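Reading through the C-alpha cells given below for one structure.
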Amino acid sequence: MSSFSPLHHRGGEVVRNYLIKSVLQIIPVLLLISLIVFILVRVTGDPVALMLPETASDEDRMVLTRALGLDQPIYVQYIKFMGDLLQGDFGTSYRYNLPALPIILERLPASFELAIASMIIATLISVPLGILSAVKRNSYLDIFITGASALGKAIPHFWLGIMLILLFAVRMKIAPVSGRGTFEHLILPALTLGVGIAAETTRLIRSSMLDILGQDYIRTARSKGLIETLVVCKHAFRNSLIPVVTIMALQSSALIGGALISETIFAWPGMGLLIVQAVNGRDMAIVQASIFVVAFIVILGNLIADILYRLLDPRIKYK
C-alpha cells in the first residue's frame, strides 16, 4: 500500500498540472479573440449610427458617442472593452434592448438539444456502417458504404435540409417544417445536422477498424478459435473507438457551423438562428458575445477531446 500511494499521488499531480497548463494556454487565445472582435466591431460600422434613428441630431450623436466612450483614444476603448468582458458585459442588443449575453445563454439549451440529437443520429448511423465497411473490406457493400459516406460529406447542409422538408414535411406530411416544442420538431434539423457528421465518423471508424484488425493480437484471437463476431465487437471495435471518440469531441466547430444553417432553415430557436439574425441586423452586441461563446465552446471541445484521448489510451503521457 505504501509503495502505491506515492505513485498514485504523483500521477494525480501530473494530471492536475497538465489541466492547469491547458487552461492557462486558453488565456492568450481568448485575448487574441477579444482583439479580433474589438477590431471587427469598429470596422463594420458606426455603433452610434446603428443605435440612433436617421432623424437623430448631431448633438444626439455626440452625446451617445461620449456615453459609449468612442471619443476616447483607441487603446483606452480597448482597455474598457476588456474590463467589460471580464464582467460578462458584451453590450446591449439593439434589437432586444437587453444585455447580449443573457439572450445568448437563453438560446443555448435549444442548440445543445439539437447538437446532442444530431450526435445520437450520427452514432446510430456511423457505428454499424463503419464496422460493416471494415469487416467487408473491398466488397460491394464496402464500396457502397464508402461512396455513401463521401456523398454524405459532400452534400451541403442547406440542400439536404430543403430536400428533407420537401420529402417528409410537404409530400409525406409526417414532420413539421419549423419551430420547437415536440420531438417531431427535432427530427428534421437533427437529421440535417447529423448526416454530415455520420459520414465523417463512418469513414473514421472504418479506417480505425482496418488498422486494429491488422494487429497481432487480433490474429491471435482468431487463431484461438474465437468467432468473428466476438473478435470484432469485443476486441477490435473497443480499441478502434479511441481515435473516434476524440474526433467526435472535436466536432464542436462542425456542429456550430452546421447549426447556423439547420437552425435557420427550420427556424429552430437556438444560438445559430440568433447569430444569423444578429449579423443580418448588424446587432454587434449579439455578434461579439456570440463569437466569444462559440470560441469558448470550441476551445472546451478541444480540451475535452485531448483529455478523453489520454484517458482512453494510457500510452499517451501527460506533459
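Just so it is clear, glycine is given a Cβ too, placed from its N, Cα and C backbone atoms.
TrEMBL: automatically predicted annotations, no manual curation.
Features reported for this protein in TrEMBL:
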TRANSMEM  20-41  transmembrane segment
DOMAIN    108-309  domain 'ABC transmembrane type-1'
TRANSMEM  114-134  transmembrane segment
TRANSMEM  154-170  transmembrane segment
TRANSMEM  244-266  transmembrane segment
TRANSMEM  286-309  transmembrane segment
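Beyond the transmembrane segment (154-170), the same-chain residues lying 6 or more positions past its ends with a Cβ under 8 Å from any Cβ of the stretch are 176-177, 187-189, 191-193, 195-196, 258, 261-262, 265-266.
Sequence-distant neighbours of the transmembrane segment (114-134) (same chain, 6+ residues past either end, Cβ-Cβ under 8 Å): 141-142, 145-146, 148-149, 186, 189-191, 193-195, 197-199, 201-206, 209-210, 213, 232, 237, 248, 251, 255, 258-259, 262-263, 268, 270.
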